[in-house]
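Novice: Got these off Swiss-Prot a minute ago, pasting:
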{"type": "REPEAT", "residues": "4-47", "note": "repeat 'WD 1'"}
{"type": "REPEAT", "residues": "68-111", "note": "repeat 'WD 2'"}
{"type": "REPEAT", "residues": "120-160", "note": "repeat 'WD 3'"}
{"type": "REGION", "residues": "161-471", "note": "region 'Interaction with SEC13'"}
{"type": "REPEAT", "residues": "166-206", "note": "repeat 'WD 4'"}
{"type": "REPEAT", "residues": "209-254", "note": "repeat 'WD 5'"}
{"type": "REPEAT", "residues": "258-298", "note": "repeat 'WD 6'"}
{"type": "REPEAT", "residues": "301-342", "note": "repeat 'WD 7'"}
{"type": "REPEAT", "residues": "397-430", "note": "repeat 'WD 8'"}
{"type": "MOD_RES", "residues": "Ser527", "note": "phosphoserine"}
{"type": "MOD_RES", "residues": "Ser532", "note": "phosphoserine"}
{"type": "CROSSLNK", "residues": "Lys647", "note": "ubiquitin cross-link"}
{"type": "REGION", "residues": "791-908", "note": "region 'Disordered'"}
{"type": "MOD_RES", "residues": "Ser799", "note": "phosphoserine"}
{"type": "REGION", "residues": "800-1113", "note": "region 'Interaction with PDCD6'"}
{"type": "COMPBIAS", "residues": "849-859", "note": "compositional bias 'Polar residues'"}
{"type": "COMPBIAS", "residues": "869-882", "note": "compositional bias 'Pro residues'"}
{"type": "REGION", "residues": "924-1096", "note": "region 'Disordered'"}
{"type": "COMPBIAS", "residues": "984-995", "note": "compositional bias 'Polar residues'"}
{"type": "COMPBIAS", "residues": "1031-1053", "note": "compositional bias 'Polar residues'"}
{"type": "MOD_RES", "residues": "Thr1161", "note": "phosphothreonine"}
{"type": "MOD_RES", "residues": "Ser1163", "note": "phosphoserine"}
{"type": "CROSSLNK", "residues": "Lys1217", "note": "ubiquitin cross-link"}
Amino acid sequence: MKLKEVDRTAMQAWSPAQNHPIYLATGTSAQQLDATFSTNASLEIFELDLSDPSLDMKSCATFSSSHRYHKLIWGPYKMDSKGDVSGVLIAGGENGNIILYDPSKIIAGDKEVVIAQNDKHTGPVRALDVNIFQTNLVASGANESEIYIWDLNNFATPMTPGAKTQPPEDISCIAWNRQVQHILASASPSGRATVWDLRKNEPIIKVSDHSNRMHCSGLAWHPDVATQMVLASEDDRLPVIQMWDLRFASSPLRVLENHARGILAIAWSMADPELLLSCGKDAKILCSNPNTGEVLYELPTNTQWCFDIQWCPRNPAVLSAASFDGRISVYSIMGGSTDGLRQKQVDKLSSSFGNLDPFGTGQPLPPLQIPQQTAQHSIVLPLKKPPKWIRRPVGASFSFGGKLVTFENVRMPSHQGAEQQQQQHHVFISQVVTEKEFLSRSDQLQQAVQSQGFINYCQKKIDASQTEFEKNVWSFLKVNFEDDSRGKYLELLGYRKEDLGKKIALALNKVDGANVALKDSDQVAQSDGEESPAAEEQLLGEHIKEEKEESEFLPSSGGTFNISVSGDIDGLITQALLTGNFESAVDLCLHDNRMADAIILAIAGGQELLARTQKKYFAKSQSKITRLITAVVMKNWKEIVESCDLKNWREALAAVLTYAKPDEFSALCDLLGTRLENEGDSLLQTQACLCYICAGNVEKLVACWTKAQDGSHPLSLQDLIEKVVILRKAVQLTQAMDTSTVGVLLAAKMSQYANLLAAQGSIAAALAFLPDNTNQPNIMQLRDRLCRAQGEPVAGHESPKIPYEKQQLPKGRPGPVAGHHQMPRVQTQQYYPHGENPPPPGFIMHGNVNPNAAGQLPTSPGHMHTQVPPYPQPQPYQPAQPYPFGTGGSAMYRPQQPVAPPTSNAYPNTPYISSASSYTGQSQLYAAQHQASSPTSSPATSFPPPPSSGASFQHGGPGAPPSSSAYALPPGTTGTLPAASELPASQRTGPQNGWNDPPALNRVPKKKKMPENFMPPVPITSPIMNPLGDPQSQMLQQQPSAPVPLSSQSSFPQPHLPGGQPFHGVQQPLGQTGMPPSFSKPNIEGAPGAPIGNTFQHVQSLPTKKITKKPIPDEHLILKTTFEDLIQRCLSSATDPQTKRKLDDASKRLEFLYDKLREQTLSPTITSGLHNIARSIETRNYSEGLTMHTHIVSTSNFSETSAFMPVLKVVLTQANKLGV
């Protein structure tokens, strides 16, 4: 592709690679005249600015010269480290002179720009080259076999490489070797090339073509291989490029014959040895691979010959060519588009002439109209293979399982010599392990699980614990695997039996030292109201109780006693006891604060009296431990857990461990843990983990630990998984609970842990820790990837089912001809990943389908089955009679029941619509969700199941199986149904069609009151309801009825059958075509299975009222403006009719979005995302818009966006494709 051009008949030279910016020097060419026949000569320097889109190059300086040039080169001699304009321009003149110029002075505008000049040569100097190893050495060639080596440090006295070759001849080209600094080659028009060794000052080899027709016009050394070079021939009889290897100089190594006429110049890229430029008399510039002879690129040039061609040293993709038409052109081999250049030429022409007639009439002309080039785009393709400088020498990529895949291109020396190198491609796959401690601890956990050595594992963790809390956690976990776990829990809480016995014994010794003795029962009853004997007995134990009983009852074993029946309290109690009235006696004792007597009498009075007495006692007693005693006696442990101060959580947990029954133990521990977790104190929140360990609640332990600990590091996750695995094993062994059920949070943590293990290369361990009985899609996909990465099924693990179904979609083809026998399709299962809901009824799952494939036929919901037969079972449907459309109520049509397969054609004269995919059923998993409840169910609740991905959705059609879903409105149908876009968003139901599907007839599923003059339909008397009809009926059916104007935003496109067959809609039976608009279909309500007549009685319906739409709020009006403008731009750029149909349908279906904006029913998140999409459209960043679209769909409610987001994606995709 052409980048720049300079109108000069001149020789050219690029600035050295170290120089920035890039300059191009031009010197007036000798023996050539421009169009002005000027004899003046000049030396100019131009700057290459690729950021400027114009073709003109900026001229930096011009120096008027008295010389015209045969050769011009720019050497890097005296180039400073900063890359400033320096070096030296070396020019070969007409009269054997070599002139050295200072380019920095030329650009600065100085007059004294000549560094040195020498006229030692005889005749014009046509060959010049700079040694790339010693930049002060310059080789030159002229007539009479003159070759000089110039030292720029001592320019006055050149040296020769050796004796002149005989016979004397002109030196047409000269070149230094690119690998060996003392090797020089020269060539002459006779076809002979001589290789010189400057150390020996003699030629070492001569290369010549045996045909003697090789007129050498170009010479170039291989950039990498020191012994290879190419020679170009300008003879039209032999327009070839010969590649020679000096080790086999008897014949050319390879001959390139891509030019039709003689070659004038060649240039070998220093950046890529596989790119060789050549230009010839056939007006072609070719870029070839000299190793294979293949033409990789042909530059788009004009019909003029090019006599010089050069690569840019700094930018390897840029080259320049000087042609005989007086122009130097700059090209890029990376391709591009020339549309901009053509438009610039048109603009230049238009700006020159203006709006006046260029032929002198003086009349103004209309603006210049450029014909639209719709089919042809001037795209210039790049090279067939990537050049070396953009090919990566090395590369790396991580793959699943922690594997690192690297490649490198290694050059190895060949067997023929050390200089010859061959490129080898190596690919290495290595395992990358970054978390060694994480893997080590994971292995220890696996060994503990496999060996069942949980106690030893927990003890190691206790010994290695660095915090007291960590030590307590592992101690609690260890107790689960020991005997008497509750007693061990109490010891961990600080309640050891031995220590408690010592404390009690010490307390008893203090009591004995004070000589406090209990002498009789009255003293016991009246000793202390607060600290009752019952509480003391509870604390001192059975041994003290027995001693008390002996001390109380032994003194009263003999003698007589008085039974007093006086009027005091004792007398009343005596009378109540003598009459057996225990309840009154207890009440008297409680009244007299004789608590012990009351409780002892209540025991004699029965359990009910004892319970009431205990409650009254606890109500009167107000000691510090009364509530604890109450809970112990009444066995109300929930009261302790719910009401205790959380600072005493250890005491509450100890009480639960001591007294709670096994069936309520876990719930009480959970309750206490929940209280601790909800407390604001972080220390108490962490202690909740101990309660959950006692309860064996793994899910809550995960939640609490995640909240309390930092989980960003892999080792933090390892800490949690260790505790979870050990606790699950403990619960499984001790509590006989089902641990296979995994909660959502635990499944997420286990999945994250398995991902980390897989990333470190532990595939088997990742599979072992991954939950088995969960239906979460991400876990199912991870298990599938792990099994595939392992390469073989794991022992004890069933190979997981692929969480998606592979389908081979047949290419679209025309449907069968009408009248051909078609077997009905059998329902096929569609698999949805576990945990995901199927698409709602009628939603189109867009896929990569053939646009020519016909729409898919829906299956009647009344005939759905949850069991699918393994083989197709033909059950042809009898064709149903066509039915009319109208407004009001549900459709009167009911699907026909399947009948036995007939012996004749099941579809007489009925065309069948084929589909790109055979979806007619649904998965057993979701079949029950879509079964129709009764034949009278409304269309809004009786949609067919969703088609599989890649299938279209066709409503109705000739020969389609009956369906109770909504039907497309055929042309010419009468009625006053309001447009779908005029209805509020909340009233629109029904399936969302594909872009090329007939729109569904939206109905509100309401039962309307039947009119009084309604006539029931005639029962069905024939299995086929007028399939053909009489001629009069057909003539009436073809007459269109008076159409009722609908909203322009809800026009119904006419569908087409495959193969270009038009779809004429569903024809109406006789007598229904010319029906006035006031008539509509009645809603027939009846018992399931009631017969339906073959004629339909129409009754007058209520007149419909047109709904006036609200205006779109001002803050959202930009959305409609932006989306409609984008669709119009796409329509103007689209050339494919199918694409235009997509965009037309998208424009209509975006009305759903505008209605929701009018009603303001969209959530703020969705509206904000839509505004972001609109901003990306304004900046034409459609990729960002598609990313935002995916984010909105994945994070929002599906019911809010299903009506318009799919078509918005279609518009963005088409805009990105069309580049509007």
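Just so you know, glycine gets a Cβ as well, placed from its N, Cα and C.
As the structure is a computational prediction, the values presented were derived from the model and not from experiment.
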Novice: State which of the following recorded sites has the fewest other Cβ atoms within 10 Å around its Cβ: Lys647, Lys1217.
Specialist: Lys647
Novice: Short question: most Cβ pairs under 8 Å with the repeat 'WD 7' (301-342), which of 4-47, 68-111, 120-160, 209-254?
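Specialist: If we count Cβ pairs closer than 8 Å to the repeat 'WD 7' (301-342), 4-47 scores highest.
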Novice: Can you figure out which of Thr1161, Ser1163, Lys1217 (the recorded positions) comes closest in space to Lys647 (ubiquitin cross-link), comparing Cα atoms?
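Specialist: With Cα distances computed to Lys647 (ubiquitin cross-link), the winner among Thr1161, Ser1163, Lys1217 is Ser1163.
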Novice: Fill in the CA-CA distance, Ser1163 (phosphoserine) to Lys1217 (ubiquitin cross-link), as an integer in Å.
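Specialist: The Cα atom of Ser1163 (phosphoserine) is 30 Å away from the Cα atom of Lys1217 (ubiquitin cross-link).
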Novice: Determine the mean pLDDT over the repeat 'WD 4' (166-206), rounding to the nearest whole number.
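Specialist: Looking only at the repeat 'WD 4' (166-206), pLDDT averages out to 92.
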Novice: Provide, as an integer number of angstrom, the distance between the C-alpha atoms of Thr1161 (phosphothreonine) and Lys1217 (ubiquitin cross-link).
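Specialist: Distance between the two Cα atoms comes out at 32 Å.
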Novice: On the three-state reduction of DSSP, what should I expect for Thr1161 (phosphothreonine)?
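Specialist: The three-state answer is coil.
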Novice: Using DSSP and collapsing to three states, where does Lys1217 (ubiquitin cross-link) fall: helix, strand or coil?
Specialist: helix
Novice: Neighbour count, 10 Å Cβ-Cβ cut-off, for Ser1163 (phosphoserine): what number do you get?
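Specialist: For Ser1163 (phosphoserine), the count of other Cβ atoms within 10 Å is 12.
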Novice: Any idea what DSSP makes of Lys647 (ubiquitin cross-link), helix, strand or coil?
Specialist: helix
Novice: Let me know how many other Cβ atoms fall within 10 Å of the Cβ of Thr1161 (phosphothreonine).
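Specialist: Cβ-Cβ neighbours of Thr1161 (phosphothreonine) within 10 Å number 13.
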Novice: What is the three-state DSSP composition of the repeat 'WD 5' (209-254), stated as helix, strand and coil residue counts?
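Specialist: Looking at the repeat 'WD 5' (209-254) with DSSP, the answer is 3 helix, 18 strand, 25 coil.
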